[in-house]
Amino acid sequence: MSGRAIGTETEWWVPGRVEIDDVAPVVSCGVYPAKAVVGEVVPVSAAVWREGHEAVAATLVVRYLGVRYPHLTDRPRARVLPTPSEPQQRVKPLLIPMTSGQEPFVFHGQFTPDRVGLWTFRVDGWGDPIHTWRHGLIAKLDAGQGETELSNDLLVGAVLLERAATGVPRGLRDPLLAAAAALRTPGDPVTRTALALTPEIEELLADYPLRDLVTRGEQFGVWVDRPLARFGAWYEMFPRSTGGWDDDGNPVHGTFATAAAELPRIAGMGFDVVYLPPIHPIGKVHRKGRNNSPTAAPTDVGSPWAIGSDEGGHDTVHPSLGTIDDFDDFVSAARDLGMEVALDLALQCAPDHPWAREHRQWFTELPDGTIAYAENPPKKYQDIYPLNFDNDPEGLYDEVLRVVQHWVNHGVKFFRVDNPHTKPPNFWAWLIAQVKTVDPDVLFLSEAFTPPARQYGLAKLGFTQSYSYFTWRTTKWELTEFGNQIAELADYRRPNLFVNTPDILHAVLQHNGPGMFAIRAVLAATMSPAWGMYCGYELFEHRAVREGSEEYLDSEKYELRPRDFASALDQGRSLQPFITRLNIIRRLHPAFQQLRTIHFHHVDNDALLAYSKFDPATGDCVLVVVTLNAFGPEEATLWLDMAALGMEDYDRFWVRDEITGEEYQWGQANYIRIDPARAVAHIINMPAVPYESRNTLLRRR
């Protein structure tokens with residue numbers, strides 16, 4: 001049996017009698033748990049082999065351990081904060097037979113977790129002596145060998161079947177014992193082996209196999225979140241911009257009450273999460289003016305990310321927005337409409353934040369006695385003090401945890417974390433574990449536009465979702481590579497595809513008209529289960545502060561931006577109906593909840609992109625064909641990879657476009673014409689993928 005040999009410094013894995021290798025999903029050699037959500041089909045694979053011609057088989061062993069989140073690190077130089085201790089839920093493990101794939105000695109299985117918490121799995125390898133015996137016996141019978149030559153083989157088979165019978169319930173043993181008796185009865189080998197080779201015996205042994213040399217594989221973890229961790233549509237809004245205008249046409253500062261009045265419109269578009277930038281008091285020292293001016297006018301509202309003033313810090317709401325009770329009412333109103341509120345967690349301070357007065361050790365002090373402000377040379381951000389996590393980690397860790405738990409207690413279960421790559425990685429591992437141990441339903445979105453090593457590393461450390469480079473992927477080859485990467489990293493990274501943010505107005509939206517807004521929405525909403533947009537996208541807001549910049553003109557980060565959504569909708573200047581339809585289609589099709597099953601199909605036109613998805617649980621299948629040209633029609637031949645759809649090359653079938661309602665009869669090759677003046681994409685309801693094909697297509701390669 002394989003096991004772990006513990007040395008003085010290094011742990012080595014000792015090979016077993018049956019070798020088990022290349023197990024997946026395993027993240028960083030098992031250091032971190034893989035990710036899944038309740039109801040997600042999790043594919044597992046492993047290489048299982050032994051010497052010679054002896055048959056091997058594999059069993060997937062799955063166990064639910066409970067809701068306690070795995071702690072990857074302790075708080076430095078201090079006790080770990082006490083958390084509620086609940087006894088582990090003892091659940092009988094699931095034993096799932098694995099099947100061999102196209103590659104020899106590679107076995108596949110899958111399981112579907114049904115509750116939030118930590119699940120474990122391992123792959124057990126074992127010798128299959130009856131399969132070995134049957135295979136050899138059939139070959140010898142086919143070669144015409146007689147009773148004398150097969151005497152030992154027949155007796156060996158009888159012994160194996162008798163052994164197997166001891167592991168079968170008494171009421172089901174008779175066929176095995178009868179087959180063993182026949183093998184021991186002198187006579188023609190074909191007659192003696194007839195019972196042993198029947199499908200009835202084969203099916204019985206599939207349920208109750210005789211296992212030799214059982215080797216237990218290493219155990220690995222899968223953390224299972226609630227479904228919103230994978231599938232959801234996000235809408236970002238500034239509550240302060242919802243106050244409308246006064247009689248003179250000047251913007252009025254919004255409140256949680258005026259923001260709540262916008263919630264029915266947002267829910268009506270099909271969004272699941274309303275994300276709020278920081279709602280805390282804004283610093284008054286070195287406050288930024290409009291369009292990021294270093295000098296603020298007396299009426300300028302400042303940037304919400306410059307958190308803290310004499311009015312409070314991270315655990316306080318801005319007095320112009322209302323009270324904490326008003327915030328609670330806003331959260332309740334969103335919940336009543338079927339939405340959640342996500343809150344920005346920006347761990348930085350304005351110079352007049354209470355922390356800067358009371359805890360100078362949480363910042364970096366310069367030789368002249370001043371606190372260092374944020375810089376990205378040559379840029380300077382005098383209105384922001386970055387935190388220093390090394391001077392007093394115990395105190396700062398505890399305070400951030402207190403802040404997060406404060407907002408959890410007020411109904412926030414999703415945090416969008418600002419620039420987590422600028423904070424220590426062990427801090428995030430500690431914080432996420434502490435929070436999720438108390439409430440496993442709390443989720444974290446990482447806003448880290450940083451190189452892959454850090455972006456993916458944050459996902460491994462526990463971040464539920466991640467921002468991505470989708471915004472900058474605009475060509476066919478870039479989008480294809482990006483989509484394939486979504487599937488490749490699905491074991492630990494869930495991208496949330498935002499089409500825009502208050503910081504990012506990509507050039508394709510600045511210069512390609514309303515059609516490109518629809519195109520990017522289709523791509524984001526259908527390539528990933530999680531997608532989002534920042535308020536104003538539905539109004540085609542596209543003016544940059546200057547040519548070559550991705551900053552919005554009159555950026556809402558620095559001023560109030562009320563909008564008249566109703567008038568735009570009445571005048572046909574709104575993408576709202578199309579976004580609503582997109583989110584309806586997403587909810588209709590479980591295929592859009594999948595990360596692993598995206599598959600690209602060939603279109604002989606670089607301005608057209610085609611990809612499909614299927615749901616391994618139901619077989620639901622969709623195919624998206626989207627144009628990348630916002631100004632004119634594009635046509636081409638679409639060549640479907642029929643095997644990837646569970647079909648034969650000669651199949652013909654009817655499909656329905658979920659955007660237009662039109663129906664077509666399709667086959668392997670199909671003429672496509674997309675005119676953005678009519679619709680920027682086909683979203684095709686395809687025939688369901690057959691059950692057998694689903695299992696095969698979900699296998700890891």
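In case you wondered, yes, glycine gets a Cβ from its N, Cα and C as well.
Alpha-maltose 1-phosphate binding, as stated in Swiss-Prot, involves LYS288, ASP383, ASN419, LYS557, TYR558; the candidate among GLN348, GLN361, GLN593, GLN594 given for that site is GLN348. The binding-site residues examined here are GLN348, ASN419; by Cβ neighbour count within 10 Å, the least packed of them is ASN419.
The candidate set comprises the binding-site residues LYS288, LYS557. Of these, LYS288 has the most other Cβ atoms within 10 Å. Taking only the Cα positions, the spacing between ASP383 (alpha-maltose 1-phosphate binding site) and GLU447 (active site, proton donor) is 20 angstrom.
Spacing of LYS288 (alpha-maltose 1-phosphate binding site) relative to ASP418 (active site, nucleophile) is 19 Å (Cα to Cα, whole number). When the Cα of LYS557 (alpha-maltose 1-phosphate binding site) is compared against those of the recorded positions ASP418, GLU447, ASP503, the shortest separation belongs to ASP503. Of the listed recorded positions, namely ASP383, ASP418, the sparsest CB environment within 10 A is found at ASP418. Here the C-alpha separation of GLN348 (alpha-maltose 1-phosphate binding site) and ASP503 (site 'Transition state stabilizer') works out to 17 Å. Between the C-alpha atoms of TYR558 (alpha-maltose 1-phosphate binding site) and GLU447 (active site, proton donor), the distance comes to 20 Å. Cα-Cα distance from ASP503 (site 'Transition state stabilizer') to ASP418 (active site, nucleophile): 12 Å (rounded to the nearest whole number).
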